[in-house]
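Structure in C-alpha cells, see below.
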Amino acid sequence: MASKEEERTGQRPSISMYDPARDRWEEQPVVPAEPASASASIEATPTQTSEAKPVHDSTVTSTSESLHLPQTTTIEPSQQPEQQQKQPPIPTPPSSQSRRKHKINKMGDYYRSGSADAYAEQSSPAADSHKRKLEDETSEQQPPADQANDRPISKRKRLEERHQKLRKRGQAPPSAYSRRDGDETAARAAPRPRSPSPPLPPRSPSPEVQARQRKRPGGGARRGLVDPQTLRRRQEERERALEEDAMRNSQSRGVTDIVRQHYNAVPQRGREWRKTESKIKGLRSFNNWVKSTLIQKFSPDEEFEKRLLVIDLGCGKGGDLGKWQLAPQPVDLYVGLDPAEVSIIQARERYAGMRSGRGPRGGRRGGPPLFHGEFRSKDCFGEWLGDVDIVQQVGIDPNVGPGGSMMASRWGGGGFDVVTSMFAIHYAFESEEKARQMLRNVAGCLKKGGRFIGVCPNSDIISARVEEEAKAEWGNSIYRVRFPGDTPEDGIFRPPFGWKYSYFMEEAVGEIPEYVVPWEAFRALTEEYNLELQYRKPFMEVWRDEKDDPELGPLSERMGVRDRTTGELTMTPEEQEAVSKYTPLGFTSAEGESANGTGFYHAFCFYKV
C-alpha cells in the first residue's frame, strides 16, 4: 500500500545516487517495505549483503541506505502535521559545483590508487555519511527531486560533456563525419599494393649538332636569329609604306587646301567689270543662263504651295543669289556652304547688298521679298553636315545610304526641298570616301520628293578626247586641260575615282586640280542613296531645247547670251569650244544620257525617292 506521504504528494520518495558508469548523479525511488515473507532477506546483515554483491555495484550501497529509512505507517489526520515534523527530510541531489568537487575527488582517489579497491572504499557505507552530509548542505539550494526527474540529460548534452573532457586533456573531439565515416576512411587509408611501373625505353643518343649560340638580352634576342639583310629589307618596306601614307594624306589635304586658297585669292571685280571688260564675258553669261534654266525648270515642287528651303553646296561668292530670288516658287531659306572662308565673307556682303537695295522687305518693287540667308564655311564633301547648326534646325537624316536603317532611309529624310551644287562635285571624286560622303550629305538634307540639281564636267567628252589623242592635253587661249600621268587607252576610267587633271580657265580658274566624274559610276552610287536620275544634258543641248522658251528665251537676251537682233550666241569660237567641255547636270530621259560631243559640261537633276 502506498504511504500517506505518497498519497499527499502524489509521488514516491526518491534518493540521489551516484552512478560511476554514467559519471553522474541519478534519482532512485525509495524501495517500500516488503511483506513478512521477505523480511528474512531484508534483515540480513550488511556484511552478508556486501559479500553477495560486487564491489562496484553502487545500487547495493544505495539500497542498504534505503533499508535504514523508517517504515511508512498509517497516520490519523489529526496526527499528520506532527508526524511530518518528526519524519527525516528526503535527501536531495547536490548542486553541480558539489557534484563536480565530489566527482573530482573520487576519480582522483581512484586513479591514484590504481585499483578498483580504492573506488570500492569510496562507495562503502562509511563514505555514504559524507555523501549525505553534502546532500544536507545543498538540499536547500536545489529544486525538488520531482522537478529534476522531469528533465533527463539528453544525448547531445552527454556528447558536449564528453567533448569538454577531451578539450581539457588537449585532444580534439571527433566530428560527426569522422565518426560516421570512420570505417570508410580507414578502408581508404589502408595501403594498397601498386603494380610496378613499366621500365622507360632507353633514350636514343642525341645527334651531334653545333653548339647553340648564346643569346644576349635585348631586342636582338627577342627577334630571333634573322638574317641582317632581311631585317634591313623589312625596315625599308615599313618606312616606304609610312612615307606613302603620309604623302597620300598630305596630297588629300593639299588638294582641299589648294582649292580653298585659290578661290580665296580670286579678286571680287564687280558686276560691271564682268559685263564690259572680262575676256570671257560671253562664256560667263552662257553658264549663268544654264544655271538659271535648271533653277526655273526643277526647283519648284509639284504642289507649288509653300516657300522653298534651299541649301547650296559650294556656293562660292554667292553668284547664284539673284537666280534664286527670281525662282518661280519663292524661297524662304537659303543656306550657302563653301570651304573658302573669304568666299563666304564675300557672299555675306553680296546678300547684305541685296537686302539694302530692295526696300525694307528685301525685295524689288512689286516682286517677292528677299529670302532669309545663312552662310557657313564648311567642307561639304569631306565632312558630315549634321554638325552645322542651321542644317540641324532644318533637318538632316543620318541613316541614308548603305549601312543605315532601311525604314529610316525609306520614309525618313531631311528638311530641304532643293540641294544645288554648281561646278563643284568633281572635287568629291578624289576618292570613293569623299564621293560617298557628298552623296550622304545630299540625300540626308533632302526630304522625300526633293531635287538635287547641278553642273559638272562631262566624262564622255573627256574619254573621247583621251582615246583620240595620245597626248592627254588640249585647250586654247581661254581654257586648258592637262593630265599629269598616263590615261587609259580605251578611254574608260577604272577605278572611277582619283583621276586627276589640272584645269585652267582665263580670269576664273587657275591651274588647280580637278577629278574626272565617270558618269555611270556616279549614277550607280546615287541609286544607293535613293536618288533617281530625271535629267541630264550637255550645255549646248540645253541651249537648243530652251532658247525658244517663252520665259527662258527672253531671259537669255536680258543676260546677254544672244544678240537681240540676230539671235546668235554672243560667245566667241574659243569660248564655245571651252563651253563644250562641260554639260549641265540633270537626270532625265534616255535620249540625253549619253553626251554626243556637244558639251564639255553637262547639267543634271535627281529626285529623292
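From the backbone N, Cα and C atoms, a Cβ is placed for every residue, glycine too.
Reproduced below are the annotations present in Swiss-Prot:
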type	residues	note
REGION	1-252	region 'Disordered'
COMPBIAS	28-47	compositional bias 'Low complexity'
COMPBIAS	70-87	compositional bias 'Low complexity'
DOMAIN	278-590	domain 'mRNA cap 0 methyltransferase'
BINDING	ASN287, ASN288	mRNA binding site
BINDING	LYS291, GLY314, ASP338, ASP379, MET422, PHE423, ALA424, TYR427	S-adenosyl-L-methionine binding site
Rounded to a whole number, how many Å is the Cα of ASN287 (mRNA binding site) away from the Cα of ASP379 (S-adenosyl-L-methionine binding site)?
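Cα of ASN287 (mRNA binding site) to Cα of ASP379 (S-adenosyl-L-methionine binding site) measures 24 Å after rounding.
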Per DSSP, to which secondary structure element type does ALA424 (S-adenosyl-L-methionine binding site) belong, with helix, strand and coil as the options?
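The three-state answer is coil.
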Within the chain of GLY314 (S-adenosyl-L-methionine binding site), which residues six or more apart in sequence place their C-beta under 8 angstroms from its C-beta?
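The answer is LEU337, ASP338, CYS380, SER421, MET422, PHE423, ALA424, ILE425, TYR427.
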Counting only other Cβ atoms and using a 10 Å cut-off, which of the binding-site residues MET422, ALA424 scores lowest?
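Checked MET422, ALA424; of these binding-site residues, fewest Cβ neighbours within 10 Å: ALA424.
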With a 10 Å radius around each C-beta, find which of these binding-site residues (LYS291, ASP379, PHE423) has the fewest other C-beta atoms nearby.
ASP379
Measuring Cα to Cα, how many Å separate ASP379 (S-adenosyl-L-methionine binding site) from ASN288 (mRNA binding site)?
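Approximately 24 Å lies between the Cα of ASP379 (S-adenosyl-L-methionine binding site) and that of ASN288 (mRNA binding site).
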Let me know the most crowded of the binding-site residues, choosing from ASN287, ASN288 and counting other Cβ atoms within 10 Å.
ASN287
Reduce the DSSP letter at ASP338 (S-adenosyl-L-methionine binding site) to three states and note it down.
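Reduced to three states, the DSSP call for ASP338 (S-adenosyl-L-methionine binding site) is strand.
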Check the DSSP secondary structure of ASP379 (S-adenosyl-L-methionine binding site), expressed as helix, strand or coil.
coil
Please find which two of LYS291, GLY314, ASP338, ASP379, MET422, PHE423, ALA424, TYR427 have the most distant C-alpha atoms, given that the record lists them as binding S-adenosyl-L-methionine, and give only that distance in angstrom, rounded to a whole number.
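Comparing all Cα pairs, the maximum is 22 Å.
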What does DSSP say about GLY314 (S-adenosyl-L-methionine binding site): helix, strand or coil?
coil
If you average pLDDT over the domain 'mRNA cap 0 methyltransferase' (278-590), what do you get?
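Overall, the domain 'mRNA cap 0 methyltransferase' (278-590) comes to a mean pLDDT of 87.
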